[in-house]
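First the structure, in the form of structure tokens, and then the observations on it.
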């Protein structure tokens, strides 16, 4: 539909904190006794305050949990707080030992006064100064905890923002006001947050916790952190392939809090994952009707409407984004693309100029303007906008694709082909024509049916058309691996990974070959890259774990498999690996690593796709 102009995919802006942002570490408070309520508050209050500080996106936050496995019941979680948790020397030594970079750490104590008051003392430890400072020391009634949290948050924010460059005075002041005025809602949230931290992460959440969360929402249906916890609960059920249960919880929460747009967004995401596009579309449309002034809703609705080619709905959403002052440049950019697709080039040009007005570095608007002037045969203006785009982002493929069209229309085929090659380097998928896509589908069918040699013949035909098709190299690698032509498979996986360095599957497959050849360092690099590119892929995580077993780094392997099990809690193969590693942890190292080779042979290729 938008073949000639580049639609802005509207991916969320990079909200990561600056590299120069203060690094702030929060520790649980040290409880004065073993009272259950006191211990709960000791864990959750610092975490909640850290989340309040994190919302400004001005600090790099790290929270220390001290979660342990209960040895008798491997899936149970407990908190084991060090005795010297309130000692500044311990704080610095602990962070140094774990190589955790920090500027300031917050820690302290919590106890009860003679009349049942909550006594809290918070200290900060400055890495640069090498000494502690008192941040807060006071007491309050339990039912005044909303006020107490606000005061502590404000004091901590001032201490964390040592130079006063991160937050404004109004932002510091805003932290004194808790997000809810309801003591019951805040206390219920604390209990829910603690239960979510301590629950068994390898089984679905129990119904009572779900019901408690929904009941708590009735106490304050606009309490944003409580809404976030219900969103987390819905997402958690997806790990167990329980999307129906997740949608049910979303619907019940929406009945309680129809203005909680995050619940609608979560439901829409679940429906999209289930390929229910119509259901997701209706969910987002309903949400936009209820929440017309929330730009995030308009953004998601517009993106979905575009993908479904519902043009009028997309226009409506983009105009809503402009009204909400939300990602305005992207909205204008995409309105321009749609106007151009309808042949209204003058309106398109006006929209793109608007996009640049709101975001002068909007490179896609410059390339779209250049393409418009190419179509109008105004080559001087087209080149002017391409030069500006190249100054902003010299690796953006559309610059060179438009240069290709520009030079081709001017009859300069040498420069045209040169720029097309550069565009291909920056975006290998440009090599994919409809014909090549059909050939790739044919390759997949042939490989799945055991006709690997025929699939390789199809790949040879593709290579005559282009040598930049990373998908063809990858599928050839799969076919060659199945034919046990390992060296040739290695070559093809390497080519696929070189052409598309963000394709995690090629790096994973290449890592498996290196693992079989005992090139462990190379395999470790590839598996680590694959996991960083696809952190939610449990199979990649497991292959990293297997590599670490081969390297006899059993403790790191054990931690890696725990992460994999969290991602895929129903995978029995992961349980087998964890059982082996737990056995290794409890037993002395046998001579010549007896038993290790047999185990690896047993599970070899277990996690291949």
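A Cβ is built for glycine as well, from the same backbone N, Cα and C atoms used for every other residue.
Any TrEMBL annotation is an automated prediction that lacks curation.
Feature list (source: TrEMBL):
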REPEAT    329-362  repeat 'TPR'
REPEAT    363-396  repeat 'TPR'
REPEAT    397-430  repeat 'TPR'
REPEAT    504-537  repeat 'TPR'
REPEAT    538-571  repeat 'TPR'
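Tertiary neighbourhood of the repeat 'TPR' (397-430): same-chain residues 6, 363-364, 367, 370-371, 374, 377, 379, 382-383, 386, 389-390, 468-470, 499-500, selected by CB-CB distance under 8 Å and a gap of 6+ residues from either end. Packing against the repeat 'TPR' (363-396) from elsewhere in the chain are residues 4-6, 8, 329, 332-333, 336-337, 340, 345, 348-349, 352-353, 355-356, 402-403, 405-406, 409-410, 426: each is 6 or more residues past its ends and has a CB under 8 Å from a CB in it.
Long-range Cβ contacts of the repeat 'TPR' (504-537) within its own chain (Cβ-Cβ under 8 Å, at least 6 residues beyond either end) map to 470, 473-474, 477-478, 481, 486, 489-490, 493-494, 496-497, 543-544, 546-548, 550-551, 567, 604-605, 608-609.
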